[in-house]
Protein chains: 2
Amino acid sequence: MTLNKTLVQMSTDIETARNKSDFSTESMYYLLRGGPKAIEQLDYFRNLTQNDPVFNKSEVPFLNRQEQLQKALQISKRLIELMQEQDMNESQCAALIEHIDFALPVTLHFKAFMPVIKNQGTPKQVDKWYNAARKCAIIGCYAQTELSHGSNVMGLKTEAVYDQNSDEFIIHTPDITAAKWWVGGLGVACTHAVVQAQLLIGAKSFGPHLFIVPIRSPIDLEPFKGITVGDIGPKAYGGFATSDNGFVLFDKVRIPRDNMLMKFSQVTRDGKYIAPVHSKMSYGSMVKIRVDLVEEAGWRLGKAVTIAVRYCTVRRQFQAPESKLDNSNLETQVISYSSVKHRLMSLLSTAYALIVSSEAMYTKFNTLTKQLEVNNATMLPEVHATSCALKSWSTRHSADGMEECRKAMGGHGFSVFSGVSELFAIFVPSNTYEGDNFVLSQQVARFLLKQLNDMSKGKQLTSTTEYLNTLTEEPTDSFKFENPYEQILDPRIQLKVFGRRTARLVASLDKQLKSGRAWSDLNVECWAVSTAHAEYFILQEMIRKVEAVRPVAEYAKLADTLKAVSDLFCLFTLNYSSSSTFLSTFTIHPSDLDMLNGQYRTILAKVANNAIPLTDSFGFTDFELNTALGKKDGRAYEHFWDVVQKNPVNSKAENVKLRKLVLDILHRGNTLKVSKL
Amino acid sequence: MTLNKTLVQMSTDIETARNKSDFSTESMYYLLRGGPKAIEQLDYFRNLTQNDPVFNKSEVPFLNRQEQLQKALQISKRLIELMQEQDMNESQCAALIEHIDFALPVTLHFKAFMPVIKNQGTPKQVDKWYNAARKCAIIGCYAQTELSHGSNVMGLKTEAVYDQNSDEFIIHTPDITAAKWWVGGLGVACTHAVVQAQLLIGAKSFGPHLFIVPIRSPIDLEPFKGITVGDIGPKAYGGFATSDNGFVLFDKVRIPRDNMLMKFSQVTRDGKYIAPVHSKMSYGSMVKIRVDLVEEAGWRLGKAVTIAVRYCTVRRQFQAPESKLDNSNLETQVISYSSVKHRLMSLLSTAYALIVSSEAMYTKFNTLTKQLEVNNATMLPEVHATSCALKSWSTRHSADGMEECRKAMGGHGFSVFSGVSELFAIFVPSNTYEGDNFVLSQQVARFLLKQLNDMSKGKQLTSTTEYLNTLTEEPTDSFKFENPYEQILDPRIQLKVFGRRTARLVASLDKQLKSGRAWSDLNVECWAVSTAHAEYFILQEMIRKVEAVRPVAEYAKLADTLKAVSDLFCLFTLNYSSSSTFLSTFTIHPSDLDMLNGQYRTILAKVANNAIPLTDSFGFTDFELNTALGKKDGRAYEHFWDVVQKNPVNSKAENVKLRKLVLDILHRGNTLKVSKL
C-alpha cells in the first residue's frame, strides 16, 4: 500500500512540534549527557554497535526464551571481541556493557564478578582470577541470594567449612531452601561463581564470606562434581528473558583455601580466623550501586517519555471544534488532551530531575570516596541515607511512570512494539533489588531521626537536612503566601515549603515513636518521610542546576527552560503526587490550592509547548529506543505495520501448524465413513 | 533433596493462620460466589476441566508464542467438545469460556461475534449465521478498531459501498491506517468477521454499520480473494500471548447485501437506506460490559491478593526480637511487617468491595434492562455514569494492586511462577479498552454536573447522587468530629464524609467551568470527580451488604468480619489513597488525621488477623491460581523448585546449543594451527 495523507501528516506534526522549540536541543543534549567528552564516548560506542546486525534487537520479541538466550550470547561474544579489537580499558569495557542496554549472561561478569574480585581479593588473587576474567578465559557470576534468603544476608545458609587436613573449604548446600537463586549468568554461561557462604571453622561460625567456586569446566562447560546448576526460568512481564538467572546446589564441593577472597578477613593454614580491619570503603560501593539506579531511573523514564510524547504528538483522535472551523478536517493530537499533558509532562520533568539529581549524588559520592580513603567517614551516614531515599523514590516513580506512559498511548501502547513495556519489565524489579524500597526507607528515617536528635543537642545538621531547622522557626503554621500564584515560582519559597513538610513528617515520626508505637509498626510513616526527603533533595538539585547553568556561556540560554521543568516538578509534587502530606502537615492551606494549581497549569502549558524538543534533548537514537511507535520521524503507523509483517506467526511454516489445529475445531467429528460400493 | 524444617514450618505457618479464623470460610465463600446455585455451576465446570491435562496451564510460560497459540487452539477444541458432549445451552457455553480464564482464539467468537449477530441480525440472519456459529462450523470475530481509530468510532475509515448493480457491498480499506487492528481471533483462527464499516450509498455516507465478511475458507482456512490478514504480534508484558489479535485489509471485497446486519438499519435492494428506530437497548449492553469488568477486577485482584498473602505468610525474613526470647530461632513472617500488611490488607478490602459493588451494579443493570424493554430510560444516565466511574476506578486500582502484590512478594515475586505478573499482564489493558478510563471519567463528570444543575432547579436526585444535597447543608465546613476514632466507624458518618467530599469536587468543577475554563482543560478535575463518585458508591454498597447480611441466618455471623473489611476500605481511602481530596476540599481537618489513622491501624490489625481465611474465602483452587508461590498448602519453595526443574533451558537438547555459544566466547580465536612435522 502507498503512503497516504495521514502518514504525511504525522511527519508534519512532529516536525512542527520540533520547530516550535525555544531553546537549542543540541545544547540541552550536551548538558544532560555531561558535555563533549561524554558525547564523544557515546558516539564511539554507537559507531561500534548500531550498524552491526548482531546488536539489532527489534525482532527479539518474536524469539522464544532459548532463542533469546542464544541471541544474548551472540551479542556477548561480539562485545567481548570489540573490547579486544579496540583494546578497551576496564572502565571502557564496563561502560560498553552499560551502553548496550541488554540483560546479558555476561553482564554481571563485568559488573559484579570482576569488581568483587578486585575489591575483595589479595593482590595474588587479583593477579590470578581478575586477569583470567579480564580475558574472558573464565566467565563469572556473583551468588548471594538463596531461595529462602534475600534481604537478610546474615541469614544465608550455604556453608563453607574449613577442612584443615586437606587445606580446603567444603562448600555445601544443606537443603533446597539454601539453593543459590536468581544469580545472573549462572543459568547457562558461567564457569565460576563468587559465592557468599557462612564460614565455619570447627564448630564456630564467622558469618558470610566470599569464595570463588568453579561451577562448570571452561573446556566443555560440564558442571563439576557436586554441582547441580540450571536456569530458574522466565521472569515477570517477560523481563530479563535474555539473562540466565540461575540456581546452584553444592554437594560438599571442595575448593582450595586460596579460593576464599582474603583481602580483608583471612583463614590461615592452621585454621585461624583473622578478622578484617574494618573498612568503610565497602559502604561506599553500596552507595554507588544505588546512585547508578537513580541515574538509570532517569534515563529509562526519559526513553518511555520520548516514545509516548512522540506517539501522542502524531496520533490524532476525535475532531477538535477548532479544526472544523479551519476546514482542515484534522482530528485532535492526543498530546493536546489535558489529561495526557498532565501525565506525560510531569513524567518528563521527573526524568530531567532524576538525571540532574544523580549527577549531584555522584559528586557527593566522589567526595565521600576521597574522604573514606583517608578514613574520614563523616559524610557516610548522610550520603548513605540520601542514596537510599533516592533509590527508593526513583525506582518506584520511574517504573510506575513508564506504565503511565504506556497507558497514555492508548490501545497501541499495549503492543510490545511500543517499546515501553520492555522498559518497565526490565526496570520494575529494581523496586526490590539492591535493597527493597520499603526496607531502605526505614534506614532513611533512622538517619533523619538521628539528625533531629543532634539538632536538639545543638549539633550542626548536614547540608541535605538543614530543613529540619524550620521546626524551630515555624513549628505548626501553614505557609503564609501573599500571592501563591507568583510566589511559588520563587526557589527559596519552594524549598521552604518542601523543607517544612519534610521536617514536620520527621518530627511527627519522632513523636509517634516517643508516644510508644513500636518501630516495626511505623513502616508506612518511614515511607512518607523517605519520600519527602527525596523530593526535597531532587527539587534542591534542580534549582541548583538552573542557577549553575545561568552563568555558563554555552548553556545560559537553557536556564529558563530548565527553570520551567524544575517548577513543573515542584508544582506537580505539591498539587498532585504528594499533595496529601503537604496538606496533612498543615504546610499548605487548602485555600491556597486554587492559585497553586493555576500556576501549575501555566507551567504545564509552557513545558508542553516544548515537549518534543525536551524529549529530543535526551538524544536517544531510534536504535536505542527500539520502538515502532515513537521513532524520531513520527511515522508510527508505517513502522508498526512494517514490524508486524515480520511476525513468524504469519509465516507459511508456522501458519500451517496453526491452521491444522483450527481445522480440527471446524471439522471435528465430521469424518464421513466411505461407504462400500 | 529431602524436605527440611523450613518446609515443614511453612505448612505449619499457613495452617496456624488458617485456624485463627473467627468466621466460617465456607459461608463467606458461598456469600461471595452468590450462593449454592452459583457454586454448583462452578463445581460442574471445575469437574469438567481441572483434571484434564489439556487445560493445565502451568508450563505455558515455557512455550514460545506459536506454541502458546497451539496450546490455546487445543484448549479451544476441547472446550467446544465439552459444550457439545454436555449439551450446554448458550449461557452455559459463555460461562464456560469465562470460567476457563484463558485468552483464546475463540473467546470473542462466544463473547462478541455470536451476541452481536443475535442482537443486530434479522431473524433470518440469526437463523443462518448464529446457528452456524453455535455449532462452530464457522469461527467469528468482531472487527472494529483500526490502526488509526480506536476511541473515535465515528471516524472509522473502512468503507462498505453499496453496488446496486450486483446487490452487493464492496468492503474496502482505503489505506493502511484503516487496517482493522487488535481484533481477537482474527490473526489465525476466524473464518468470518463482523466488520464495522462506513456505509456509503452513492456519494452519501451513513456512518458505521455492521457487515458479516468471510475472511478465510472454512474448508482450508485459505484467505478469500482481496483479504490480507495476519496476527499483530506479541503484546506488552507477555499478555494475551495465547490470543491471536489480528489485522485485516480489504481490497474491494464483495459481499451480498444480506450480509449487512439489518435488525435496526436497512439498505433495500434499490439502495434506499432505512434509518433505525432508535433503541436505547444498545446502551444497556455497554453498561453490561463495564460491569463485567468491575466484577473481573474484583476477582482477579482477589487472586493476586490470595497468592501474595499466602506467600508472605510462609516467607520469613529477618529475626524478630521476640523469637530470640522464645528460643524458636524463627525469622519474622513477612506478612507481619507493617508496610506489607498496609499494602496487602487494603487490596484485600478492595477486592471484596469490588465484588460486592459489581453485584449491586448487576442488580441495577437488570432493573434498567426491564425498564428499557418497556421504553423507560429514566435510569439510563445514572447507571451509565456509575458504570463508567466504576469501570475506570476498578480497572486502574485492580491492575495497580496486582503489581503491588507482586512487589510485596519481594524478589521471588518477579518470577513468572509467582503467577501474579500474568494476572497484571492480562488485566492492565482494561484501563484502555471498553472506553479509555480518562475518557470515561468525563462522561461521569458531565452526568454529575447535570445532576447538580437539576438539584438547583429543585429536581430530585438519583439514588447514587443524593450526596449532592450536602452542598446546601454544609457548603464549606470540615466535618465536626467529637471523637473521630469512634465516630468514623459509624456508617452514616462514613457516607456523610465521602458524600461531602464528592459533592464538593463536583461543585468545584462546576465553578471552574463557569469561571471560563474550557471543558477540554478539565480532564484532571473530571478524573478526581469520577474517582470520588466511584468510592462513594463502593463504600455505600459495602455498607449495604453488611446490613443485608445481618438478618440472614446462614450469613449473619459474617457481618462483623465484613464490617471490618468495609471499614478498612473506608479508612484506607480516607487516610491514604484519596486523602488529598478529603483534605483539599476541607472535608477532613488535618487535626483529625491522627485519630483517624489510629482507627485505621486498629481495623488493619483486625483484618490482618483473618488474612488467610479472608483470602481462602474467595475459594480459588490451586489450578485456578496457577502459582508456585501461593498454593493452598503454603509450601512455596518446594513448588517453586519443582516447576523450575521443568525449564526447557535446562534440558539436554537446548543446553547443547547454548553451551556451544558460551564456548565460542571462552575459546574465541584460540584455534591453534597444527604445525607441520
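Residue 1 is the first one shown; counting continues down the chain.
Cβ atoms are placed via backbone N, Cα and C, with glycine included.
Cβ neighbour count for B:E434 (active site, proton acceptor): 17 (other Cβ atoms within 10 Å of its Cβ, all protein chains included). Sequence annotations record features per position, and here TrEMBL assigns active site, proton acceptor to B:E434.
A sphere of 10 angstroms centred on the C-beta of B:G184 (FAD binding site) encloses 25 other C-beta atoms. Annotated FAD binding site per TrEMBL: B:T145, B:G184, in sequence order.
Taken from TrEMBL, the feature domain 'Acyl-coenzyme A oxidase N-terminal' applies to B:25-139. For the domain 'Acyl-coenzyme A oxidase N-terminal' (B:25-139), the DSSP-based tally of helix, strand and coil residues reads 87 helix, 0 strand, 28 coil.
The domain 'Acyl-CoA oxidase C-alpha1' feature in TrEMBL is assigned to B:283-449. For the domain 'Acyl-CoA oxidase C-alpha1' (B:283-449), the model's pLDDT averages out at 94.
Annotation source TrEMBL lists domain 'Acyl-CoA oxidase C-terminal' at B:491-660.
In sequence order, B:K180, B:W181, B:W182, B:V183 constitute the residues six or more apart from B:T145 (FAD binding site) in its chain with CB-CB distances below 8 Å.
Chain A has a C-beta under 8 angstroms from the C-beta of B:T145, taken from the recorded positions B:T145, B:G184, B:E434. Look at B:T145 (FAD binding site): DSSP puts it in coil. Across the structure, B:E434 (active site, proton acceptor) and B:G184 (FAD binding site) are spaced 14 Å apart at their Cα atoms. Annotation note: B:E434 (active site, proton acceptor) sits in a coil segment as assigned by DSSP.
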